[in-house]
């Protein structure tokens, strides 16, 4: 009973943190003009999928198997997983174009930005709800075929494409670094600085991809063995651990943005500096306010009267 309560408290707390942290990311990008880039736009879409993880999936799971909404858990898992994979693909595509075709980047991404996000979310929702057509009967052949296709076409193949893209990105960045070393006098050039910035952003996004892939592996494994009717290969400890890995992934993303991604970190530092300045100014203004002292009126009532202190300078 204690373990169940502790499990509930930990997941509920992580769920709240996930929603709060990712909302901060979304609000920061929307309200800050310097953060409104296409790359951050894709990250906001990924943050929305994390918000759904913390705000919908975990509450439904914690409500228990006898809850009226318990039947939606499987659909939510599929929807959140597919949306996450899709948004990771968009982030990877953004990096690939930025590094391999830098002069075409703005035009290409601007042209397809909104369309691609809409398509990813629409496909994720449609594929997740597809089992409704056969009433989600887990024992029929079509559902097993669906699970295999889901894992193959919407998880394994996208993962392979993502890692291939980052391999190509790495090759391209290494070539540029070699050119920079050969022409060391050009290290301060605009192109050199831009490539260094792209390399730093790519490293952060690659870390996000790796965390996402590793965190969802337990659920992918359990889904696969369940479709093969090999539930004995899916221990209870793994089922419980899979929830924590997914939660940590959704919580790690906003932390990576805030502490590692340079544009986010820069803006958060500026905001905290402004808050410090405003608090110091408020304290200084308060100290400069003229003091008040109570005095009595003719009727014997107290009355606050401003005491003005005049300063005189002595002249010799």
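The backbone N, Cα and C atoms fix where each Cβ goes, glycine too.
According to TrEMBL, the feature domain 'G-protein coupled receptors family 1 profile' maps to 21-257. Note on the domain 'G-protein coupled receptors family 1 profile' (21-257): mean pLDDT across this stretch is 89.
The transmembrane segment annotation in TrEMBL covers 6-30 (among others). Away from its own ends, the transmembrane segment (6-30) comes close to residues 36, 40-41, 43-44, 47-48, 50-51, 53-55, 58-59, 61-62, 240, 243-244, 247-248, 250-251, 253-255, 257-258, 264, 267-268 of its chain (Cβ-Cβ under 8 Å, at least six residues beyond either end).
Among the features that TrEMBL reports, transmembrane segment is placed at 42-62 (among others). Within its own chain, the transmembrane segment (42-62) is flanked in space by residues 8, 11-12, 14-19, 22-23, 25-26, 29-30, 69-70, 72-73, 76-77, 79-80, 83-84, 87-88, 90-91, 94, 117, 120-121, 208, 243, 246-247, 250, 253-254, 257, which lie at least six positions past its ends and keep a Cβ under 8 Å from the stretch.
Marked as transmembrane segment by TrEMBL: 74-93 (among others).
Here TrEMBL flags 113-133 (among others) as transmembrane segment.
For 145-167 (among others), the entry in TrEMBL reads transmembrane segment. A Cβ distance under 8 Å defines the sequence-distant neighbours of the transmembrane segment (145-167), meaning residues of its chain 6+ beyond its ends; these are 78, 81-82, 85-86, 88-89, 92-93, 95-96, 127, 130-131, 202, 206, 209, 213, 220, 223-224, 226-227.
The transmembrane segment annotation in TrEMBL covers 201-221 (among others). Long-range Cβ contacts of the transmembrane segment (201-221) within its own chain (Cβ-Cβ under 8 Å, at least 6 residues beyond either end) map to 39, 46, 77, 81, 84-85, 88, 91-92, 95, 98-99, 151, 155, 159, 162, 166, 169, 173, 234, 238-239, 241-242, 245-246, 248-249, 252-253, 256-257, 260-262.
Summarising the annotation, TrEMBL assigns transmembrane segment to 241-260 (among others).
Through the fold, the transmembrane segment (74-93) approaches residues 39, 42-43, 45-46, 48-50, 52-53, 56-57, 60, 116-117, 120-121, 123-125, 127-129, 131, 136, 150, 154-155, 158-159, 161-162, 165-166, 205, 208-209, 212, 216, 219-220 of its own chain, all at least 6 residues removed from its boundaries and within a Cβ separation under 8 Å.
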